[in-house]
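One structure is given below, encoded as structure tokens.
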Amino acid sequence: MESRSRSIHKSTSMTISAILILSLIHASHCFYLPGVAPEDFQKGDPLKVKVNKLTSIKTQLPYSYYSLPFCPPPKIVDSAENLGEVLRGDRIENSPYVFKMREPQMCSVLCRITLDTKAAKQFKEKIDDEYRVNMILDNLPLVVPIRRQDQGSPTVYQLGYHVGLKGQYAGSKEEKNFIHNHLAFTVKYHRDPQTDGARIVGFEVKPYSIKHEYEGKWSENTRLTTCDPHTKRTVVNSNTPQEVDANKEIIFTYDVEYQESDVKWASRWDAYLLMSDDQIHWFSIVNSLMIVLFLSGMVAMIMLRTLYRDISKYNELETLEEAQEETGWKLVHGDVFRPPSNSDLLCVYVGTGVQFLGMVLVTMIFAVLGFLSPSNRGGLMTAMLLLWVFMGIFAGYASSRLYKMFNGSEWKKIALRTACLFPGIVFAIFFVLNAFIWGQKSSGAVPFGTMFALVVLWFGISVPLAYVGGYIGFKKPAIEDPVKTNKIPRQIPEQAWYMNPIFSILIGGILPFGAVFIELFFILTSIWLNQFYYIFGFLFLVFIILLITCAEISIVLCYFQLCSEDYLWWWRSYLTSGSSALYLFLYATFYFFTKLEITKLVSGLLYFGYMLIASYAFFVVTGTIGFYACFWFTRLIYSSVKID
């Protein structure tokens, strides 16, 4: 009941925060991010150690820290989480650990528990699934330092420590579960010699499993024989580990050591963000970009030379007979701007793509400028959600402008469909996935209050803005075609096998996918293997290359299509570059079977559900780029020729 009341209280606060998004308070938080401002600690100041979710790369299902029978504080208090943190499954709560700045502790006893059958089973399940415990001190996540064998290599840090480990006693083949019940914390600080104040720049731990022993009956003043500060006996290994089983007694202890560091507060995240394979990473990205740039340059040169020759030749023709003898894209000038079938749906998807493009561009600019650093947990997701909502005005504008060009009159219907189609499909998938997460009792399940907040953002802000954009777009004069459209459609001649719509669409998606697939590997690794992703500068560069590649491949294939007297280019231009989303999903499937160790059905459904949403979004973005490129291209070439 207590956890349920906490979730209701949290849900209510999330709803209120969503409604107050437009306020200046939120705007100010964009520039004064929680945890970004440094905090100075004097000697003896209490340090608040907080616990976060338990995570596993095997299940991808986060759980709150106190879902396991760890030592609780007198009263569990939730920290206020932002929208992004709740959607990520973060559940930040206080802990019973007592730290005092620059005052080391040895063998502090946290609590003593005796496991019942249920508690032992819970611990065993989490150890089997390789769950890690996450903690936070001064907004820094807890890490386990792993020093490499080879000299000169930097220390690698893993987020959180394992709940326990599996092993065997000497001479036995039976595998047992052991819990990490002793934590040796190291708090690194940078001291200001003038004020004697210190700032925390590191939070590390070495976990141990030890079967603690003591003499006599247990009381609050009982001294342990296995770990005693008076005799200077400390825990340095796990040679006598603490087994997890029913009716077993477990004593949780911890040490706190303080180390002065030369690392300044502004650079404290550098060690966390250091990647072990950075050279391969940089080389792969640069290599990929160079190949794509070279191909794009070749495509652009061929296009410009061919088109220039075609237009010059066509404009030199003097008689109608000669014009009729000409073949290629000039012959379909009377049909090329004929509205396509399902033009309403095309308008909706183009508007949605514009909304997505705006969101991605602004998010990346903020990320490159450093506003969305890892220190601001949930900031990236919150920013993307809010930007998506406010970009609704551009979605409505783009869809209604195109709709009016197709001689449509019901702009309100188009605005509503633009605001609801893509979010509706995504929300439906998300809702089903959330139901599965609820079934697993995971903290990753989005509470009802947060769901309500998302619906408020959608229908309270995004839909009205789409209507405003639709109204503005429809009031503008219609876009005029550079050539007149014939009343009777021209018959399309039989096409060569390589100009088959399905074949050319599938071919068109290869190059855009090739521009991003190496970067995609690192993004998938950061999401599903619980690592930081921080190279937004390179990601922005890759995104720009993706824009150029999508535009050029769509233009090339559109030109070949028109040359073979097929004027049905509207939908094909969208699908040509949009088909790269199919390759993205196929690559995600390949990644699942080669890099991840997910075995549970629900975890697999989560992975493929979220990757389906990501691929759908990628389809909308790349398709819109291809469509607008061909839209500009066709208008340009047909306005450059003399039509009698």
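Easy rule for this one: first residue shown is 1, then count along the chain.
Using N, Cα and C of the backbone, Cβ positions are placed for all residues, glycine too.
TrEMBL annotations:
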SIGNAL    1-30  signal peptide
TRANSMEM  282-304  transmembrane segment
TRANSMEM  346-372  transmembrane segment
TRANSMEM  378-398  transmembrane segment
TRANSMEM  419-439  transmembrane segment
TRANSMEM  451-474  transmembrane segment
TRANSMEM  495-528  transmembrane segment
TRANSMEM  534-562  transmembrane segment
TRANSMEM  574-593  transmembrane segment
TRANSMEM  605-633  transmembrane segment
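Just going by CB pairs under 8 A, the stretch in 346-372, 378-398, 495-528, 534-562, 605-633 that sits most against the transmembrane segment (574-593) is 605-633.
Here the transmembrane segment (378-398) has long-range neighbours at 21, 33, 81-88, 90, 350-352, 354-356, 358-359, 362-363, 366-367, 371-372, 415, 418-419, 454, 457-458, 461-473, meaning same-chain residues at least 6 beyond its ends whose C-beta is under 8 angstroms from one of its own.
Against the transmembrane segment (419-439), the recorded stretches 346-372, 495-528, 534-562, 605-633 differ in Cβ pairs under 8 Å, and the greatest number is found for 605-633.
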